[in-house]
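Worksheet: one structure, shown below.
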Amino acid sequence: MKMSTPSEKPQIISHIHKSLNYTVFDSKWIPCSAKFVCMGNFARGTGVMQIYEVERGEVHLVKEIEKAKPIKCGTFGATSLQQRHIATGDFDGNLHIWNLEVPDVPVYSVKAHKEIVNCIDGVGGLGIGDGAPEIVTGSRDGTVKVWDPRQKDLPVANMEPVEGEARRDCWTVAFGHAFNDQDRCVCAGYDNGDIKLFDLRNMSLRWEKNIKNGVCCVEFDRKDISMNKLVATSLEGNFHVFDMRTQHPTKGFASVSEKAHKSTVWQVRHLPQNRDVFMTTGGAGNLHLWKYEYPAQRSRKDAEDVDMGVAGTLNLLQNITLSTQPIASLDWSPDKQGLCVCSAFDQAVRVLIVTKLNRV
Amino acid sequence: MSVEMVSSLLTPGERVHGKVPVEHLDYDYIQNCSDLRYLEKIVEVLRSGEEGVYPHLTEFCEKRIEKLNPKSRALRKERPPATAADFSFDEWSQISEELKSWETEVKRTEAELREVSPLYDVEDLPPVRGSNSLISQKQNSVPSRTETKRKSALPRDYREWDKFDIEKECSKTDGSNKGKDFPVIINQCLPKINRKLDTAGLTEKERAVLASREREKGNEAFKANDYDEAVAYYTRSVSAMPTAAAYNNRAQAEIKLQLWHGALGDCERALELEPGNVKALLRRATVQKQLGNLKVAADDLGNVLREEPENASAKKMIQEVEKKLRECAQESQSKGRKILIEEVEDEELRAKPGLCVSGESAAAPAERGDMGNAQKKTAGRAEGAPQGEADTHGTRRRGKRGSLDQCRTQEAHEKKLPNGAQASGSGTADQTGRHNSSADNTAASGTGSRLDAPCGALPPPLARLKNEGNQLFKNGQFGDALEKYSQAIAGCIDAGIDSPEDLSILYSNRAACYLKDGNSADCIQDCTRALELQPFTLKPLLRRAMAYESLERYHKAYVDYKTVLQIDVGVQAAHDSIHRITKLLIEQDGPDWREKLPDIPLVPLSAQQHRHEEPRSAELAEARAARAAEGAAKRAEARFSALKEEGNNFVKKGQFQKALEKYSECLALKPGECAIYTNRALCYLKLERFAEARQDCDSALQFEPSNKKAYYRRAMAYKGLENYLACSSDLQEVLRLDPNVQEAEQELQEVTVLLRQTLVASSPDKPRKNITIRETNDSDDEADPSNSKTRQASADDSAERASLPLRPTNAYEFGQVLNAAHSRDDVNACAELLRRVKPETLPLFLSNKLDGETFHFITRALDGHLLQEDPGLVYQHLCHLPAADRFSVVLMLLGQNERQQITHLFDHLSAVESEEFTGNDVRDLAAKYI
């Protein structure tokens, strides 16, 4: 099977384009629906959440919710399928959980950080990831905190620089390794290029690595399996894929890197239905669709007979240019393979269809 | 000199600095340049238009790059998103249709979701993570755990102790180890993946979603060649909702892992859910081929090819299988083990006992060897030497019958005997019957001159036709063989030859050809004709049965197979098929399938007796004698197993008291039987006689130190006795022996909760929980011999494991254990803890947690328990204790009682004589304390 024949390649279709009257930071599908939430910032300095529904080639606004502070990020990762509450982080450092049916008062609210919450991720909900539902937030104040919606006011884990150490801006967080009730990891990326992997079971820092440029986004290929791969994207257009199965004592995890976009790689999102396919979004408004190919042997012995990982290769399946502005968020529909929503800084949100993903 | 060399000579500086000279923007240069990097640079220049716009040259250069490296980054172009124009009309409408139908579907599911009351099952979730722990962002530094709430800390979950990575914990705790590297961590999640999903309270739809998600995970793992993991996830998928796809995929993963039997089971389950699933059939065929059941594999492949005649892998495999089958056929033929129906018989009439009526008993052995060759090869061997003689006997007898032709055949055989390929050996098989024919045929194929060999009562031209047919059949040219047989049959009828035997054989042989060609209907017709001519002949019956089976007329096939077995019980193929058909019939007709069967004809005794007769050989007589000698022992054994059986039955009925008595009797007969002990333990458990149950488990474990049942039941006994600590360690042992025992895992969770409750709340009046005990099943009463080895191996390290939970490796765990002991006021546990802790590490472990009460507790443990056993250790501990943080403060704030305790301790210590310390040492030490 040759991938080069154009008809066999996945195609990215810009299905719906919707201009908005605010700056949109994040967009997320509401699980088990044809609706998505856009989160952002009105020009007047307030926060906004809009719910749109996809219907026959168009989107129509279902609900608009205005909040006091601009909303930077949101996740459905820690909610049950019945409730479908969204957890958001805002410019003021608050973590809120909203019931989108009754959005006046948050279900859960905590002043999580001293400064803006840059990033958020959830696990243990929607049947993804064993164990308790937990939310992790990362902030400009340099801390990464894990929250359990059942515990008020206090995080259940706090990853903070030691006193005297420089506080780096945390740009991205991701859960992973949640394949049973006990194991769970948080990966965080910082503006100085640090990637840190925290083991929540042992409450320890398990691995760290500097990729030289600010880490814009990290994501595990799947949250609910023994950690398999991690993608980290960076400010100057490179991204790295780490094979997380074998950790060498000194060399850490094996990785392959690829320069994809000529500008910042803002986001990486793995296809929920196939962990080896992922999309990266670029600062010049482009999207790249990749597939990771495993090597024949995923680990080998080094000179001292210690196991070390072997990285695979990356295959560019498709790339398109969508906008002139950075695409800041992208979210695959968990329910419909190939459907995704992305928001760009040209104040627009787009619904895309990627075809032939089941054949890659 | 190549262009490249020139270019590097001419403009070395420029190339280093990355500028492309104008003369390189040239077709010839680009054509000959193979430096990819440089070409990429050229294309960059061309695209930029700095040197002018040359669209053709740019394209040419791009093509050149593509030729060198199709994946080159320079070839990546910015593209707009695809639009309708990029697709064919069909594709486009399909895409939009799919999306539309998804929209409506998801709306429906969402509406359904709303209707379900939001049952948020908090009970199911694990507890909130213990504390707001701070994780340092520095690697290898001492984690400073500042707990915001300092309530009585919960002891560490006992399961966690088991999975403790000591190395890692050490490197975290010991400040000295700062520079030490982390060990290799391979994220092998396999033993830790829960194989079963809890789907209680989920709707059908949710379960389906869950199942498909787990299956996807399995698929991904499969693609990454993690077959073990894939199996685990498929198992989870199946536990959420059994689907043919998941079973099928698991079968494939198991095939990769060469777990043939598991794969076989999975294929069968997949076929149960989706009869005729091609993938399942194909995989089952693969497994059967591996297991050596070539016939079954061929059947499955036949079914696949009927569904999908173009299936390439099935085609390929069936060729392999048939090749092997042919090899096997030859082999088993020479050994006389099996009747293979493909084989074409020559002298089938010999197999018909009804024909040899002359009744000379002298010829009997030879005859019998002939008839029963399916299963009586030993007999044949034993008679090897006198074979020739017996043969001639038979021939003579036949000669008397007046069939001249036959006599001639026999003579031919005898002639062949001295130089015959097979006959030369020890006479593995007799020279008559089928072996005869095979010898015939091998000889025929060897010389090619035996086509004229006379056959039965057939005139030579017809005999020739038949032989040719046989030859062709052997060569796999079934169509041609069919023609020959048809000619022979036609000739036979035209000539009016009255030889039902020969005609029957011809029909039977032609039926074989039809069967091979997949023409089951004609095969049945021919078989029926053959049987009309010669009732109760084995081969036509078998062939007809197979034809019926392939036409899915199972009732008739069943009857035919049964008839075959009446004639000869040794036909393995018939046994297998009966087995298979029975299953299908039960599925089809339900439990009273037998009533729907047509009558099975009764085979007359004359047709079957020869088949059943046993050869009387000296060997057998000896065996009988030996058996008689064994009789007495056997009877005791029988009594034992009868008792056991009764016991098991009582257990099944829930009459545990009676079962108990039976098992006790069993043990009186044979006291060394592990399974009985575990079974009796079960009865005791059911009767809530926990102490006795425990004893039985202990004895069972003596005989079989790694019997997981015994461990499990002892754990249950301990639970009944409210000894949760022992219970949990037994359960852990079970899980260590077999991580897949779900019950044990559940129990362990339950017990851990109980344990924690007893430790923390120390409420002895806890209501007892129901105890669930698995039922006995006879199958595993006997220890599985294949497992016993691994069990043995793993049993060795069990001893060390058991003591693990009390051996802390860092301050946190030490604190947990100490707190647990303290809250129970269990001085003994504290002493045990101190015994396990190196005195030097004590201050480190205590860190800043030392307070008056802890101090008092420790001194009590030292004084009350440790002093008698190991005064040296007490002395060492006391030496190192002052190094702990807060020691001086604690000392200052001690009350009267505590001070008295310390004085006592030192008094006792100085009273002890030891080589490790002197009275003066003690006095010096005491000065630090008092």
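Each Cβ is built from the backbone N, Cα and C atoms, and glycine gets one as well.
The model shown is predicted, which means the values in this text are computed figures rather than measured ones.
For B:128-153 (among others), the entry in TrEMBL reads region 'Disordered'.
Under the heading compositional bias 'Polar residues', TrEMBL lists B:130-145 (among others).
According to TrEMBL, the feature repeat 'TPR' maps to B:211-244 (among others). Tertiary proximity for the repeat 'TPR' (B:211-244) is limited to same-chain residues at least six positions away from its ends with a CB under 8 Å from its CB atoms, namely 189-190, 193-197, 199, 204, 250, 252-254, 256-257, 269-271, 273-274, 277, 280.
What TrEMBL lists as region 'Disordered' is B:360-462 (among others).
The compositional bias 'Basic and acidic residues' annotation in TrEMBL covers B:408-417.
If you look up TrEMBL, you'll see B:421-448 (among others) marked as compositional bias 'Polar residues'.
The repeat 'TPR' feature in TrEMBL is assigned to B:640-673 (among others). Mean per-residue pLDDT, taken over the repeat 'TPR' (B:640-673), amounts to 77.
Residues annotated as repeat 'TPR' in TrEMBL: B:674-707 (among others).
According to TrEMBL, the feature region 'Disordered' maps to B:765-805 (among others).
Here TrEMBL flags B:785-795 (among others) as compositional bias 'Polar residues'.
Per TrEMBL, the feature domain 'RNA-polymerase II-associated protein 3-like C-terminal' maps to B:808-899.
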Secondary structure content of the domain 'RNA-polymerase II-associated protein 3-like C-terminal' (B:808-899), with strand meaning DSSP E or B: 73 helix, 0 strand, 19 coil
Helix, strand and coil counts within the repeat 'TPR' (B:211-244) (DSSP): 28 helix, 0 strand, 6 coil
Counts of helix, strand and coil residues, the repeat 'TPR' (B:640-673), according to DSSP: 28 helix, 0 strand, 6 coil
